[in-house]
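Peer 1: One structure, as structure tokens, below. Some questions next.
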Amino acid sequence: MAMPRIREVRAYVVRGGGADYHDQGGQHWIDDHIATPMARYPEYRASRQKFGLNVLGTLVVEIEAEDGTVGFATTTAGEPGAYIVEKHLARFVEGAPVTSIEKIWDQMYSSTLFYGRKGLVVNCLSAVDLALYDLLGKIRQEPVYALLGGPVQDELVFYATGARPDLAEKLGFIGGKLPLQHGPAEGPEGMRANLDKLASMRERVSEDFFLSWDCWMSLDLDYATRLARDSAEFGLKWIEEPLPPDDYWGYAELRRRVPTGTWVSTGEHEWTRFGFRLLLEMGCADMIQPDVNWCGGITELTKIAALADAHGVPVVPHGSSVYSYHFVITRRNSPFSEFLMMHPQASEIVPMFHPLLLDEPVPEGGRLRLPETPGFGVRLNPECDLHRPYTH
Ligand SMILES: C[C@H](O)[C@H](O)CC(=O)C(=O)O
Ligand SMILES: [Mg+2]
């Protein structure tokens, strides 16, 4: 079968949910006094949006082949991302065969080394990579998981991230990850409030339902050590992203300090196999959590997961909806998946990238069988207002 070439790349910005899942309206648990590295400044404690967490918005990348087939994907990168895709990355994609995914990745990464390597630029590159997978799947009439070698499990099993693990258990999830609300700047009172929250959730859920902390880079080594130790009596399964992502030494030390049986996890804000190589070789984590919409797309996640497998470290991707589901279903080394509760009170199941995607699958009873729809199996919601700020 002759493979078409790529005709055009287009980059759009959209506000309100989507891949920038922090870009929510008011009164949402995800913006309700969550511990962050900015919480040392009292004026930025109550709301993450106040310091600019949702400043970027969602970037949508569409890639159209000569035969008219369109693949698309999304990331957190907004208007600066649209500029990078249109003015820089598109040149490596347009005119290339739709199968040229590895070469395009290498050209995008190598050509942006002088200002990229991590963060926004690799988020953009991830969206292009995922859009290429979506396109290839649609052209071959196969789901992305089939392109990746096929499923190794029949269905995905989920834990839930949100303010109400007790409700998540009733919805069938296997565990719940709570946002930590108070950091070191809030002293012993904040620590007590954190532990009280965990204790009260432990009382409300069954013994087999696991509980974890999401610390969103907000702690220091001593606080993280105390939190992990004092949370152990409530059966804490893991302490996630307790330290700033560049503190590889702190993570390695924390792993030595936490009680046996408590995992240290991180990787949500790490990029490419080079960043994960440091985490793995330095013994920073019992589990890594790359976000496929950020870390370099499927092309890079495949390499990161192979490295992790060789180190005996499980890979449980951060959020990222269908983009991680198609990957996880093909991996023995990814025992479960994350579902971010995007309902404002975390009391009902809402698609993770709502309202941007149509046909976005959600777990039922904490489980999900992926449909056989080509590509990632989702469509852009025509009711979302996509804006194309740049052309090339
Ligand atoms: C709940 C966390 O603060 C963050 O919004 C999401 C996250 O880190 C995760 O899902 O993991
Ligand atoms: Mg997290």
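Each residue, glycine too, has its Cβ placed from N, Cα and C.
TrEMBL labels come from automatic prediction, so no person has curated them.
The model shown is predicted, which means the values in this text are computed figures rather than measured ones.
Relevant sequence annotations retrieved from TrEMBL are reproduced here:
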- His318: active site, proton acceptor (ACT_SITE)
- His22, Arg48, Glu338: substrate binding site (BINDING)
- Asp214, Glu240, Glu268: Mg(2+) binding site (BINDING)
- 155-261: domain 'Mandelate racemase/muconate lactonizing enzyme C-terminal' (DOMAIN)
- Asp291: site 'Increases basicity of active site His' (SITE)
- Glu338: site 'Transition state stabilizer' (SITE)
Peer 1: For Asp214, Glu268, listed as binding-site residues, tell me which one has the smallest number of other Cβ atoms within 10 Å.
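Peer 2: Checked Asp214, Glu268; of these binding-site residues, fewest Cβ neighbours within 10 Å: Glu268.
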Peer 1: Beyond the listed site residues Asp214, Glu240, Glu268, identify every same-chain residue whose Cβ lies within 8 Å of the center of their Cβ atoms for the Mg(2+) site.
Peer 2: Thr161, Lys177, Cys215, Trp216, Glu241, Ser265, Thr266, Gln289, His318
Peer 1: Rounded to an integer, what is the Cα-Cα distance in Å between Arg48 (substrate binding site) and Asp214 (Mg(2+) binding site)?
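Peer 2: One finds 15 Å between the Cα atoms of these residues.
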Peer 1: Quick check on the recorded positions: of His22, His318, whose CB has the lowest count of neighbouring CB atoms inside 10 Å?
Peer 2: His22
Peer 1: Just jot down the residues in the same chain as Glu240 (Mg(2+) binding site), at least 6 apart in sequence, with C-beta under 8 A of its C-beta; none if empty.
Peer 2: Lys177, Ser212, Trp213, Asp214, Cys215, Ser265, Thr266, Glu268, Gln289
Peer 1: At the level of the C-alpha atoms, what whole-angstrom distance separates Asp291 (site 'Increases basicity of active site His') and the residue listed as 'active site, proton acceptor'?
Peer 2: 5
Peer 1: Across all chains shown, how many C-beta atoms besides its own are within 10 angstroms of the C-beta of Asp291 (site 'Increases basicity of active site His')?
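Peer 2: Around the Cβ of Asp291 (site 'Increases basicity of active site His'), 25 other Cβ atoms lie within 10 Å.
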Peer 1: Mind tallying the domain 'Mandelate racemase/muconate lactonizing enzyme C-terminal' (155-261) by DSSP state, helix then strand then coil?
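Peer 2: Split into helix, strand and coil, the domain 'Mandelate racemase/muconate lactonizing enzyme C-terminal' (155-261) gives 51 helix, 21 strand, 35 coil.
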Peer 1: Which recorded positions from the set Arg48, Asp214, Asp291, His318 have a C-beta atom lying less than 6 Å away from ligand 1?
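Peer 2: If the test is a Cβ under 6 Å from any atom of ligand 1, the answer is Asp214, His318.
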Peer 1: Taking only same-chain residues 6+ apart in sequence, whose CB is under 8 Å from that of Glu338 (substrate binding site), what do you get?
Peer 2: Phe158, Tyr159, Ala160, Thr161, Lys177, Gln289, Val316, Pro317, His318, Gly319, Ser324
Peer 1: Give the subset of the recorded positions His22, Arg48, Asp291, Glu338 lying near ligand 2, defined as CB under 6 A from any of its atoms.
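Peer 2: Cβ under 6 Å from ligand 2: none.
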